[in-house]
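Quick look at what TrEMBL lists:
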- 35-366: domain 'Major facilitator superfamily (MFS) profile' (DOMAIN)
- 1-22: region 'Disordered' (REGION)
- 41-63: transmembrane segment (TRANSMEM)
- 75-92: transmembrane segment (TRANSMEM)
- 99-119: transmembrane segment (TRANSMEM)
- 164-182: transmembrane segment (TRANSMEM)
- 188-210: transmembrane segment (TRANSMEM)
- 246-267: transmembrane segment (TRANSMEM)
- 279-297: transmembrane segment (TRANSMEM)
- 309-325: transmembrane segment (TRANSMEM)
- 331-351: transmembrane segment (TRANSMEM)
Amino acid sequence: VSTMNAKTSSRSEEEASGMRNETLGESGCLGEAKRGHVIRVAYVIAALDLTFLFMQMGVMPYLAKSLGLDSVGFGYLQTIFGVLQLAGGYIFGRFADQFGARAALILSCVSGSVFFLLMSLSTSIPLLFLSRLPGVFMHGIPGAQKVITDMTTSSQRAGALGKLGFCFGVGIIAGSVLGGVLSTKFGIYVPMYVGLVGSLINTLIAMVCIPSQTKPESDHHMTENSDLFSIREILRLMKFPGVMEVFIVKVFAGLPIGLFMIMFSIISMDFFGLEAVESGYLMSYIGVLQMVVQGLVVGKLSSHCTEMTLLRLSVFVFAGVGLGMALMRTVWHYCVIAVPLVFAFSMLATITDSILTKAVPSSDTG
């Protein structure tokens, strides 16, 4: 009986996917040109969001140090931000499913504005910790992914999502350089002012250029009555074939690198002994690698290899990267390790997002 149910469920998913592809490909609520325009706007929003995020990441340890916070306290500060991002990720995804990608992007941009406003007012350690709270809804990349997922067919999705890696590279390069230069030339709080204005501009772009409903109308009705905070919804999604396994791989393979990226600013300052501008240049190097790998490597490999093969490859490379990081001693060692690091990170993010969004109904891609 369970086998028959599984087959019936699989057929239903395939039929739903086929209907969705037909809707997007033929009629759809938006024309092909309009969908392409909206996707390009999502790329712009993601690139700007990442630029402002990395701008403050490069400056944050120096601001914290100027306020009297030591390395341990800074670790607590970044941990709080990471926990808030983790806890808010599920809520943000359910919010996007119920209220649409446009509302989710606006929520993310408004949260970013509040985040930078509080940072610009952070003249004491308690205020600095308080500024982390809006991070619970700061999910510009997932918001852009939601737009792209809603407006592409299954065959187009991996390539479209992969281009977000290019936006990631642009954000690292521009944000790291701007953060270092602005803080050195004009003061430690100037990057926060720029981030505040930029986040407000991003909010306006999302309000004006993203349609109120990006997914097919039939998919929208399926999520109208679902609970925003339901644990049962998570468990339901995890029961789809392959979702639990890929999700676990994504979390456990990405967690160590995520922790390293969160603490990279303090590592560059205390372990490598770099100044703000030098740290910005190092992050820009990572951004260049990201753009090269995403543009020249990931796309070609995804067209010649299966997604599961590439997923296994990224996990294997991550294991080697972890060993290399444990042994590195100088900034030059890190520059060498960064090449496989960026490759594995880009591949894992692109492939897991593609697999997961194909495995669940389009109404639950958030």
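Glycine is no exception: its Cβ is also placed from the backbone N, Cα and C atoms.
Remember, TrEMBL labels are computer predictions, not curated facts.
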Same-chain residue ranges lying at least 6 outside the transmembrane segment (99-119) that approach it to Cβ under 8 Å:
42, 45, 49, 52-53, 56, 63, 92, 127-128, 130-140, 142-144, 146-147, 150, 192-193, 195-196, 199-200, 202-203, 206-207, 210-215, 220, 366
Do the transmembrane segment (188-210) and the transmembrane segment (309-325) share at least 3 Cβ pairs closer than 8 Å, excluding pairs fewer than 6 residues apart in sequence?
no
Contact set, same chain, for the transmembrane segment (246-267): CB under 8 Å, 6 or more residues outside the stretch:
57-58, 60-61, 71, 74-75, 78-79, 81-82, 238, 279, 283, 311, 314-315, 318, 321-322, 325, 341, 344-345, 348-349, 352, 355-356, 359
What stretch of 75-92, 164-182, 309-325, 331-351 shows the most Cβ pairs under 8 Å to the transmembrane segment (279-297)?
164-182
Is it the case that the transmembrane segment (41-63) and the transmembrane segment (331-351) have 3 or more CB pairs under 8 Å, with pairs at least 6 apart in sequence?
no
Chain residues outside the transmembrane segment (164-182) and at least six past its termini with a C-beta under 8 angstroms from it:
43, 46-59, 141, 144-145, 148, 190-191, 194, 275-284, 286-291, 293-295, 298, 346, 349-350
Across the domain 'Major facilitator superfamily (MFS) profile' (35-366), what does the pLDDT come to on average, as a whole number?
81
